[in-house]
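S.K.: Found this in TrEMBL, in case it helps:
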- HIS179: active site, proton acceptor (ACT_SITE)
- ASP34, ASN97, VAL121, GLY122, ASN123: NAD(+) binding site (BINDING)
- ARG84, ARG90, ASN123, ARG154: substrate binding site (BINDING)
- 7-144: domain 'Lactate/malate dehydrogenase N-terminal' (DOMAIN)
- 148-322: domain 'Lactate/malate dehydrogenase C-terminal' (DOMAIN)
- 1-19: signal peptide (SIGNAL)
Amino acid sequence: MGFLCCFIAYSLLYSIAKGDVFGKDQPIILVLLDIPPMLPVLDGVVMELQDCALPLLREVIPTDKVEVGFKDLDAAILVGSMPRKEGMERKDLLKANVAIFKTQGAALEKYAKKTVRVLVVGNPANTNCLIASKSAPSIPKENFSCLTRLDHNRARSQVAMRCGVPADAVKNVIIWGNHSSTQYPDVHHAMVNVHGKEVKAYDAVKDDSWLKGDFISTVQLRGAAVIKARKLSSAMSAAKAICDHMRDWWFGTLDGEFMSMGVYAGGNSYGIPEDLIYSFPVHIKNKSWNIHDGLTVNDFSRAKMDATAAELVEERDTALSFLSQ
């Protein structure tokens, strides 16, 4: 739990505390929850946050107690999880994380506001999010989400670089499914602003084989590529994605744009099994997300959307078997 949580959180806290996420006029109280061995490190982080002299930051509370860490929260960002260790079976990883997110869900249920917005980052993020939600039955399922915005940003950036335009000239890429190597980065509905004119991504890129091949695998495997290069997981980019996700949840998406979020699949119109946390294109208004309906799904996309759903169903069923033990 220590390093991954620590590096992402360290990159994240300054942005939140200076108003980049919840607004430039919103005072902030940061509650930092970690395992007991990490408390001395947290004390150092608290000192650094104090030394930033940030006008919005009212208080920083370091703790290893869930009753303190989850009390009256408006927003909870669950960054830490049990990372996969060498030789560890996937089911063992799921079992360890079920225990963590069952505890955190129960703490949200008992101590947090019922209006709390919860973002799960720790992997396997979709299934961890589902377990947390099931462990907090009085908090609406719609208040739980998992992070696929990093994948979304990666897809957006890859298309932008390919077209030689800034990243904000690309909109409406989609990440479908699991935050894993089965995720489906889809640009069939994406638009690219080229010289002031919006064109479809496929027309802007002019390379269908790349978009259906290397583009998809690059986004799917980007996290592993970062680890191989820097010997550490993505931290700066993950923190930026967390900020993007929470800011959009708080202030809404732009008209005509949708973003990717791992959300509860109940009632979706895309034929995805209901009792999953699955990444969809969403638009957000008044802190409420809605899945963007009505997008055409071709056979290529359908197969990839179903494959990542199948992985999530298997993860869910394994995790629920541990939850009931």
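Here the Cβ of each residue, glycine as well, is placed from N, Cα and C on the backbone.
Predicted automatically and left uncurated, TrEMBL annotations should be read as such.
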S.K.: Give me the DSSP three-state residue breakdown of the domain 'Lactate/malate dehydrogenase N-terminal' (7-144), ordered helix, strand, coil.
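M.R.: Helix/strand/coil tally for the domain 'Lactate/malate dehydrogenase N-terminal' (7-144): 66 helix, 22 strand, 50 coil.
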S.K.: So what sits near VAL121 (NAD(+) binding site) in its own chain, CB-to-CB under 8 Å and at least six residues off in sequence?
M.R.: ILE8, ILE77, LEU78, VAL79, SER81, CYS146, LEU147, ALA238, ILE242
S.K.: Please give the NAD(+) site's span as the largest CA-CA distance among ASP34, ASN97, VAL121, GLY122, ASN123, to the nearest whole angstrom.
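M.R.: Pairwise Cα check on ASP34, ASN97, VAL121, GLY122, ASN123 gives a maximum of 16 Å.
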S.K.: Between the two most separated Cα atoms in ARG84, ARG90, ASN123, ARG154, the residues recorded as binding substrate, what distance in Å do you get?
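M.R.: Max span of the substrate binding residues, Cα based, is 25 Å.
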S.K.: So which of the binding-site residues is most packed in, judged by how many other Cβ atoms lie within 10 Å of its Cβ, out of ASP34, ARG84, ARG90?
M.R.: ASP34
S.K.: For the residue listed as 'active site, proton acceptor' and ASN123 (NAD(+) binding site), determine the Cα separation and express it in whole Å.
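M.R.: If we compare the Cα positions of the residue listed as 'active site, proton acceptor' and ASN123 (NAD(+) binding site), the gap is 8 Å.
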S.K.: Is it possible to get the count of other C-beta atoms within 10 angstroms of the C-beta of GLY122 (NAD(+) binding site)?
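M.R.: Excluding its own Cβ, the number within 10 Å is 24.
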S.K.: Could you pull the average pLDDT for the domain 'Lactate/malate dehydrogenase N-terminal' (7-144)?
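M.R.: So the average pLDDT across the domain 'Lactate/malate dehydrogenase N-terminal' (7-144) works out to 93.
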